[in-house]
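One structure is given below, encoded as C-alpha cells.
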Ligand SMILES: NC(=O)c1ccc[n+]([C@@H]2O[C@H](COP(=O)([O-])OP(=O)(O)OC[C@H]3O[C@@H](n4cnc5c(N)ncnc54)[C@H](O)[C@@H]3O)[C@@H](O)[C@H]2O)c1
Ligand SMILES: O=C(O)C(=O)C[C@@H](O)[C@H](O)[C@H](O)COP(=O)(O)O
Ligand SMILES: [Zn+2]
C-alpha cells in the first residue's frame, strides 16, 4: 500500500493499494455512530459488503444516479432527507464510493449538513483516485454550468482500493488519464516520460508503471492543495484545460465524460499558450501525441464558439468580464493568462478542427 499525506491545516492520508478498503475505512471512522454511504449503481455490491463488514455502526446506503446525473440539487436534497430522518449528528460521517461525480456530491452533502460533517472518500475510477477525491473541492452542477455550487471541505481520509478498479471499463479508465496528463504538463514531466515510455504498462492497473503515474499525480495534487487549499493562487493551475473543458461538458449536456472534455481543453490551452507566444509548437504536438495514444479526443467540431465562449464567462477563474486561462510557458511552468483577445481565443479554438 502507498500512503500519501496531504499536509493541509487538517492533514489527511491518501491510501492506494489492493484489498485495503474495509480496514482503512474502519480505522478512520472515529466516533461516528452512523455512516451514510453514497454510491453509484456500479458500486451497489461493494456498498452491501461494507454494510456487512462495518459492524458496530449504523450504515445507511444511498444509491444515486450514475455520472453527472448525481451532481444535481435534487440528489443532494434526497441525501439531506435521509440524514435528517436518521438524525445524523456532527459526529457521524459520509462516505463517497464511486467515481468523481459521487465523491464531489458526497463531499458537498457532508460540507453542508449541519455546516460540516466528516467525509471519507473511496474513489473507484482512475479520475477519482488521482484527482477528484483528493483536495476537498466539492460541488454540484446547475443549469448554467459545471460545479457552480460547492464548498471547500477536506476529506478525513481517501482510500483507493485498486481491486475495485478491476471492474472499471477500459474507456472510463482512459478518460481518467486526461487528469494524469494534466498533472504531467503542469508539474511533473516524469509522468509524461512514463506515458511515452509505454502506454500499455502505464495504463495497466497491475503494472508498476501504472502505480507510479497514479502516485505521482496524487503527489502533484497533494502538494498544490497543501499550499493553496482555497484556490487563491497556485491551485488555479490544476484547472489547466478546464476552462474550455467545462464549457464543452455543459454544451454537450453532460453526456461527455469530464476527462474527454478536459482532453480537448488541454489541447486548446496548449494552442492558446503557443499563440500567445509562450509555448513552442513541439510541446503542443506533445500534448496531441500523448492524448491520442490514450485514445482521448483532441478535436472538436467548429461552429459552437459563441455558446462555448458564453459558458466560459461563468468560469470561476473569470474576474468581472475578464476571462483568465491557465497556460504554459514550458512543461511544468504554468502561468495565468489574463484577458486574452477574443481573436486569439478563436484562433486557438479553430486549431481544434479535424
Ligand atoms: N473535486 C475535484 O477536485 C474534481 C477533480 C476532477 C474531476 N472532478 C469531477 O469528477 C467527475 C468525473 O469523475 P469520473 O470520470 O470518475 O466520472 P464518474 O463518477 O461519472 O464515473 C465514470 C463512470 O465510471 C463508473 N465507475 C466508476 N468506478 C467504477 C468501477 N470501479 N467499476 C465500474 N464502473 C465504475 C461510474 O458508474 C460512471 O458510469 C466530474 O464530475 C468532475 O467534475 C472533480
Ligand atoms: O482541484 C482543483 O482545484 C481542480 O481544479 C481539479 C480539476 O481537475 C477538477 O475538475 C475541479 O473540479 C475543477 O474545479 P472548478 O473549480 O473549475 O469547478
Ligand atoms: Zn478535472
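Every residue gets a Cβ built from N, Cα and C, even glycine.
As given in TrEMBL:
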DOMAIN    63-173  domain '3-dehydroquinate synthase N-terminal'
BINDING   66-71, 100-104, 124-125, 137, 146  NAD(+) binding site
DOMAIN    176-318  domain '3-dehydroquinate synthase C-terminal'
BINDING   179, 242, 258  Zn(2+) binding site
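Taking the features listed in TrEMBL, we show where each one sits on the structure.
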residue: 66; record: NAD(+) binding site; DSSP class: coil
residue: 102; record: NAD(+) binding site; DSSP class: helix
residue: 125; record: NAD(+) binding site; DSSP class: coil
residue: 146; record: NAD(+) binding site; DSSP class: strand
residue: 179; record: Zn(2+) binding site; DSSP class: helix
residue: 242; record: Zn(2+) binding site; DSSP class: helix
residue: 258; record: Zn(2+) binding site; DSSP class: helix
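Fewest Cβ neighbours within 10 Å among the binding-site residues 70, 102: that distinction goes to 70. Those same-chain residues not listed among 179, 242, 258 yet with C-beta within 8 angstroms of the centroid of the Zn(2+) site C-beta atoms are 127, 131, 178, 182, 241, 245, 259, 261, 262, 265. Taking the Cβ of residue 242 (Zn(2+) binding site) as centre and 10 Å as the limit, one finds 26 other Cβ atoms among all the protein chains shown. For residue 179 (Zn(2+) binding site), the nearest of the binding-site residues by C-alpha distance turns out to be 125; the candidates were 66, 125, 146. Proximity of the binding-site residues (68, 70, 104) to ligand 2: a Cβ under 6 Å from the molecule is found for none of them. Among the binding-site residues 70, 100, 125, 242, the residues whose Cβ sits under 6 Å from any atom of ligand 1 are 100, 125. Around the Cβ of residue 100 (NAD(+) binding site), the same chain contributes 123, 125, 127, 128, 131, 132, 133, 258, each under 8 angstroms and 6 or more positions distant in sequence.
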